[in-house]
Each structure stands twice: as C-alpha cells, then as structure tokens.
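A short worksheet on the structure shown next.
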Amino acid sequence: MAAPRFPDSAYITEKDLEQGNSNGDEQALPVPPSRSNSSKSVPSTLGTNPVSARMPSLPSSKASTTSTSRRGLVHGGEEEKKMNWWQAATVMLAETVSLGILSLPSAVKSVGILPGSILILGCGFITTYTGHEVYRFKMRFPQIRSFAEAGQLIGGSVGRWIVEVMQMAMLVFMMAGHIIIFRSMAFKLSEGSGDHICGVWWTVLALVINITCTLPRALKTNSWFSIFSCISIIAATFTAMASVIQASHDHPVKYDTVVQLGTEGYTFAAACAAVSNILVSFSGHIAYFNIISEMRQPSDFPKALLTTNFFTIALYALAGIIIYKFVGPTVASPALDSATPTAAKIAYGLAVPTIIVAGVIAALVAAKRAYDITWQHRPEVKDENTARAWTSWIAIVVTLWTVAWVVGNVIPWFNSLLAVIGAAVGTWICLGFPAIFWLFGSWREKDGWRGWRRNVLVWVNVTLFLLCLVASGLGLYGSVGEISSQSGSTRPFPCRGVD
C-alpha cells in the first residue's frame, strides 16, 4: 500500500533547497517531478483538499473564509508569523535548556566526567545536525506542522497515530517535569519559614499558574517571556555554580572525583538512565515545526538553531561538569539543590521565569496539535477569534495540564521522569525521526541515494537510526529500573520533598 503523498507542488527538492528557492511558505510551490510516477499523483495545485484522501486535515494555504478581524492567533494567519530568528532562538533556548541543565550534574555523576563530557559534546553536535534535517524536511514539505503530520506523510494513518501518541506523551511528561521543579522550588523557598504546606498543594498552584500562562495562543506572545526565561536560567545556574565553588573552598570535602567511570555503587541501569537524561536535554526538536511555521523568514531558522545549540552545549558542559566537580557524589537533582541553602533560594528565585515559561512552550506545542485534531473537519474554525474557538482552546489547555499534574505526582522523581520520556520518545525525536526524514526525502529525488555524497549521508542517517534504537532500548531498561528501585521509598502524591 503506497504511503500518502503531498502534491508535487507542495514538495521542494534538494536542489531547490541548495539554491535557496524555498522560503518555507506554506503554499503551493512548483517543483520538478519526484522519483515516483507523478503523473498519477494528485493535482499539482492546492485546492480545498491539498493532499491525498489518506492524509486529511493538513492545513491548506487557501485563505480562510473568516474575516480579517476574526483571523486567528493560532494557525496560518499572518498575525501569527511574526517571529524573527533571534526571537525563535530565545524560544528554542528556553524550551531546551530549562529541564536539561538541572539534571546534568547528576547524570555526570553516574557516568563520570570524561564520558559525561563526551556525551554532552557528542549529543550537542549530533542534535545540531538532526535539527537541521528537521528544518530541511519542513522546507521540502512546507505544510507539515508537527512530527505527527510527518509520520502520516511517511507511514500513513498508522504512522501518524504512532507518532502522535509519542509526541503528545513527551510534551505532557515535559510539562510534568515543570510541575515537579515548581514543587522543589516552593519547598526550597519556604524552607525555614515554619510553614509546612503539603507538596501536592504546591503542584496545584503550579497547575493554575501554568494554565493561565498557556492561554495566549501564539508562540510570538511567549517569545518575549522567553528572553527573561533564558536570562533567568543562566543567572540561576551561575549562582549555583558560584555557591558550590565557594563552599568547596570554605569547607573542603575529600573525595575522589570520578573521571572515567561512574560513582562506585552505581549500576549499569543508572548509567543508562543518565545517558537518557543527557539525550532528552537536547530534544528541543519537538517544537521546531511550530517555531518554523511562526517565523517571518523560515529560511533564517539555521541561524536560530546554531545560536541555540552553541549556548546549550556551553551551558550544559559548564553546569554538568563544574557542579559535579565541586559537589561530588552527593550532587542533587535538580542541580540547584546542590547549592548552599541561601544560594539555592536565590537560584530558585532567579529560575522562576524558566520554570514557568519552558513548561508553557511545551504546553503550547501540545495544545496546538490537539486543537488541530479537534477542528480537522472544520478548519475554518481554527483561525477564528470566537467563543467556540476559545472554549475549545481553554478546554484543551486545562485537560493537558491536568494530565501533566497527575503524571508529575504519580512519578515524583525528577531524574526518573526525564529518563523515561527521554528513552521512550526523546531519542526518536532528536535522532530517529530526523534520520528517517532525510532518508525519505532523498529517496523521492530523481537520483535517489546515488552519488558518493548521498551514499555517505545514507550511512550517516542509518547509523543515527541504529543509535536511536540502542539508546532507546537501554534508556528504557535503565529508567524503569531506577523507578522500580525508588518506588518503595516514596508514594504517589507526596506531601514532603522527594530526593
């Protein structure tokens, strides 16, 4: 059974990309025929049904029948496409760095400084390449707005729903991670005050705040908050680093820094979970389709990607290695808990914008996808600024955050939560799917995989796919083992802090 296809008019070839003929606009674009028999494909112009019958619900470039005053803050309206490349970079940095940087010192503890450094640098460079492949896939198929739609293009309805579930699960788990971080922050800031508020109530407060902040429907709105988010996480991390360095000078603790292998007593499962944590720290790819769609000039995305990953690699290497180096085997997760009590309070206070904004970005990506599905048979509603559009949007946001709140209270261990979703989905988002995108897009070309350059890239992407399989399997083994070992010490919906 043939995989569903976009019309050839919605496809951009490798040659077009290299010559800069695609600006990423989500509209019909003339191209040469693909390897398949284009004479039997759907018409080369986009009408009311822009794709084959087996691929419904993708947004058409045809203008909505709604008036300009009612056009959307969500999908396709020009009001939405206002981000420039540096605003996109701040959104990507806020979405990527927030949770990842707080789990890395603990991950380095499990594998050792040398392997940890290699993993951080290696994952950073690899995910820069795979992020660029997501961008090229989006530019080839401008109407793709999510990994799920890409899955439908490649694997039909089965591919769509498999990726849909994976994508939504990862986003909800990321949101749950921010619920957990908010609880840790609240415990730390209220420490010593004499008030003993149950941790569940702190998570309820996080739930209300996050729902409120997710209600604006455009990423453009949140790009300005992302600037403060980026500044806040950098300030919080450097505050924690300064604190642990000063504390190590004031009160030296003798221990052998583990350089090559993990801390004594740590199991293979713990090392696998640590690798999974490092990988998920770089899996900001999940928001790339949405971000590119909302950029004024989608062709500027590579600048945003390089800027984001440069700062991400630098921050991860500094935070992961330095905090572990000066704290040692007792390093905590989230990493801010490793600072002295006063410094930890300052660091958490500085991190408040990141703790909230990065979770909101993940929620926006999830909510937009659910919104697409809700109105897939009434696409004109998606661009309306009416009661029914807003009611459905609010219901989706509340539902997603409620599910994330439950997950964050049922699996209250920060490291384990990230490791599970990193292994199950994160490895596919940042390694496996981009490799499949390249193989699929190149196979459609007239020359297929022929030519020495194509042959090299074929092997590169096949290797990435195999690496994804190994990392996913070992990561699941490690993270499930870690949760199993921790489950006896803490019950779901804990009132006290969780180590």
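Keep in mind that glycine also has a Cβ here, set from the backbone N, Cα and C atoms.
Database features, via TrEMBL:
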REGION    1-76  region 'Disordered'
COMPBIAS  34-44  compositional bias 'Low complexity'
COMPBIAS  57-69  compositional bias 'Low complexity'
DOMAIN    82-476  domain 'Amino acid transporter transmembrane'
TRANSMEM  110-130  transmembrane segment
TRANSMEM  168-187  transmembrane segment
TRANSMEM  199-218  transmembrane segment
TRANSMEM  225-245  transmembrane segment
TRANSMEM  265-292  transmembrane segment
TRANSMEM  304-326  transmembrane segment
TRANSMEM  346-367  transmembrane segment
TRANSMEM  387-407  transmembrane segment
TRANSMEM  413-440  transmembrane segment
TRANSMEM  456-477  transmembrane segment
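Of the candidate ranges 110-130, 168-187, 225-245, 413-440, 456-477, 225-245 contributes the most Cβ pairs within a distance under 8 Å of the transmembrane segment (346-367). Among 168-187, 225-245, 304-326, 387-407, 413-440, 168-187 has the largest number of CB pairs under 8 A with the transmembrane segment (199-218). The transmembrane segment (265-292) makes no contact with the transmembrane segment (387-407), as judged by fewer than three Cβ pairs under 8 Å among residues 6 or more apart in sequence. Counted over residue pairs 6 or more apart, the CB atoms of the transmembrane segment (304-326) and the transmembrane segment (110-130) come under 8 Å in at least three pairs, which marks the two as touching. Contact between the transmembrane segment (413-440) and the transmembrane segment (110-130) holds: at least three of their C-beta pairs are under 8 Å, each pair 6 or more apart in sequence. Outside the transmembrane segment (225-245), and at least 6 residues removed from its termini, the chain residues within Cβ reach (under 8 Å) are 87, 90-91, 93-95, 97-98, 101, 213, 315, 318-319, 322-323, 326-327, 335-336, 338-340, 343-344, 346-348, 350-354, 356-358, 360-361.
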